[in-house]
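> Straight from Swiss-Prot, here's the annotation block:
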ACT_SITE  Ser149  active site, nucleophile
ACT_SITE  Asp173  active site, charge relay system
ACT_SITE  His258  active site, charge relay system
DISULFID  Cys44-Cys57  disulfide bond
DISULFID  Cys233-Cys256  disulfide bond
DISULFID  Cys281-Cys300  disulfide bond
DISULFID  Cys292-Cys295  disulfide bond
DISULFID  Cys435-Cys455  disulfide bond
DOMAIN    331-454  domain 'PLAT'
CARBOHYD  Asn60  N-linked glycosylation site
CARBOHYD  Asn376  N-linked glycosylation site
REGION    233-256  region 'Essential for determining substrate specificity'
REGION    407-411  region 'Important for interaction with lipoprotein particles'
REGION    420-424  region 'Important for heparin binding'
SIGNAL    1-17  signal peptide
Amino acid sequence: MNIDRKILNKALAKEKVANCQKDYTDIESKFARRTPENTVEDTCHLIPGVTESVANCHFNHSSKTFMVIHGWTVTGMYESWVPKLVAALYKREPDSNVIVVDWLRRAQHHYPESADYTKLVGEDVARFINWMEDEFKYSVDNVHLLGYSLGAHAAGVAGSRTNTKVSRITGLDPAGPNFEYAEATSRLSPDDAQFVDVLHTFTRGSPGRSIGIQKPVGHVDIYPNGGSFQPGCNIQDALRVISQKGFGDMDQLVKCSHERSIHLFIDSLLNEENPSKAYRCNSKEAFEKGLCLSCRKNRCNNVGYEINKVRAKRSSKMYLKTRSQMPYKVFHYQVKIYFSGTETTTYTNQAFEISLYGTVAESENIPFTLPEVSANNTYSFLIYTEVDIGELLMLKLKWITESYFSWSSWWGRPTFTIEKIRVKAGETQKKIVFCSREKVSKLQKGKEAPVFVKCHDKSLNKKSG
């Protein structure tokens, strides 16, 4: 019987690859199953090719598996966030397996070298997952990879090389340098798992130079606070921490925004009753104007663990505001105001304060700035509160003067007439219209804040998408 030589060679090559894959001695990455009782230390390693190691580490074959992949390290040691994330995962999923992928030796080289090593680390992780699937028939539908910085791209490489697609990859501020313009096969991409979600928290700088990658690389890409920088991470906060804790925490300050991605995910695990919401938007500028607080047709989503796994044809860029510390959730509002009057001057960069009063609490003197204000125009802007004030009942609006001895006090104060203020609450999707408590409210710069209450016409106030 004649056998086509090309077919035979192809079959032999395939068999050779299969046999090589069964030799796992060249895998350098380590896979430690940490426990709820010991989230800090790697006490038990699952070793590819050594079947008894899985039983020895008490691996739960019927539960979810989280694989945590760290990023670049200067010290060659795990960072302090690792046990925090492990503990939070176990608190949310007590019967799960949390495996920390140790690639510390490769991660402590100069950054470009460690960036190149992500391909080998990803290959190691993929071979481990394939072995678990082949040897134990473990369902890859139960596997969730969580990669931080360079670890996010290692997770992407792993996902692209598994025999069956893993359920989910979460990219925690995937690294930017060496990856912003890289091919999809060398970095995290939507093709690497059944669902890929990404948190971008430190994208400040030009593309390719920012610590975190700027472009969307998942099915859903979330940019908290615009993604460039995070509240609580500025120089004033740095000086405060140094005064309290000394210079020993300086490295944490440098990583503050980058690492915020991890803590936002931890927050979603610990505060499951109140998930933060992100909103789909074409740009952060449009989001800052409050134009994107819609939840219709999957336009809003939960942040972190309980995200709705929506796979669109192209990546969804989503935005939200957060607090500077955990819990990070805030409450978003779009405010629209029509400024009427006879003023002929256009005022630029004007500072205002708005106060919100609700059935549960109030949030007073929330500052905002309008780039320009002129008569007979409508302006939309975004504000947020750090507390849930309940259903809105009343507003106050104040136009702030630059100083007591400003030019306006000499030449007469600029004045606008405000009849109605329209507010949309992002979290509840309610639209409310507020009318002046007086017949007409005069908004004067530096003067007392006029009061607005819910309009009596019920048709003006409704729930909307």
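Indices start at 1 and increase along the chain as displayed.
Note that Cβ sites are derived from N, Cα and C of the backbone, with glycine treated the same way.
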> Hey, which bits of the same chain come close to the region 'Important for heparin binding' (420-424), Cβ under 8 Å, at least six residues off its ends?
290, 293, 333-338, 392, 395, 397, 430-436, 452, 455, 464
> For the recorded positions Asn60, Ser149, Asn376, which one has its C-beta crowded by the most other C-beta atoms within 10 angstroms?
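The residue with the most neighbouring Cβ atoms within 10 Å is Ser149.
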> Nearest to Cys281 (disulfide bond) by Cα, among Ser149, Asp173, His258 (active-site residues)?
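Smallest Cα separation from Cys281 (disulfide bond) among Ser149, Asp173, His258: Asp173.
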> Near His258 (active site, charge relay system), meaning Cα within 10 Å, which of Ser149, Cys295, Cys300 (recorded positions)?
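Qualifying among Ser149, Cys295, Cys300: Ser149.
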> So among Cys256, Cys300, Cys455, all listed as disulfide-bonded residues, which is physically nearest to Cys57 (disulfide bond)? Use the C-alpha atoms.
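Answer for the nearest of the disulfide-bonded residues: Cys256.
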> Using DSSP, break the region 'Important for heparin binding' (420-424) down into helix, strand and coil residues and give each count.
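Each residue of the region 'Important for heparin binding' (420-424) counted once, the result is 0 helix, 5 strand, 0 coil.
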> Going by C-alpha distance, which of the recorded positions Cys44, Asp173, Asn376 is nearest to Cys233 (disulfide bond)?
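The smallest Cα gap between Cys233 (disulfide bond) and any of the recorded positions is with Asp173.
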> Which of Cys256, Cys281, Cys300, Cys455 has the fewest nearby Cβ atoms, counting only those within 10 Å, among these disulfide-bonded residues?
Cys455
> Among Cys292, Cys295, Cys300, Asn376, Cys455, these being the recorded positions, pick the one whose CA is nearest to that of Ser149 (active site, nucleophile).
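It is Cys300, whose Cα lies nearest.
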> What mean pLDDT does the predicted model reach across the region 'Essential for determining substrate specificity' (233-256)?
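Average per-residue pLDDT within the region 'Essential for determining substrate specificity' (233-256): 64.
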> What is the nearest of the recorded positions Cys44, Asn60, Asp173, Cys295, Cys300 to Cys256 (disulfide bond), using the Cα of each?
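Closest by Cα: Asp173.
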> Please tell me which one of the recorded positions listed here (Asn60, Asp173, Cys300, Cys435, Cys455) sits closest to Cys292 (disulfide bond), measuring Cα to Cα?
Cys300
> Report the member of Cys57, Asp173, His258, Cys295 (the recorded positions) whose C-beta atom has the most other C-beta atoms within 10 angstroms.
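In terms of Cβ crowding, the pick is Asp173.
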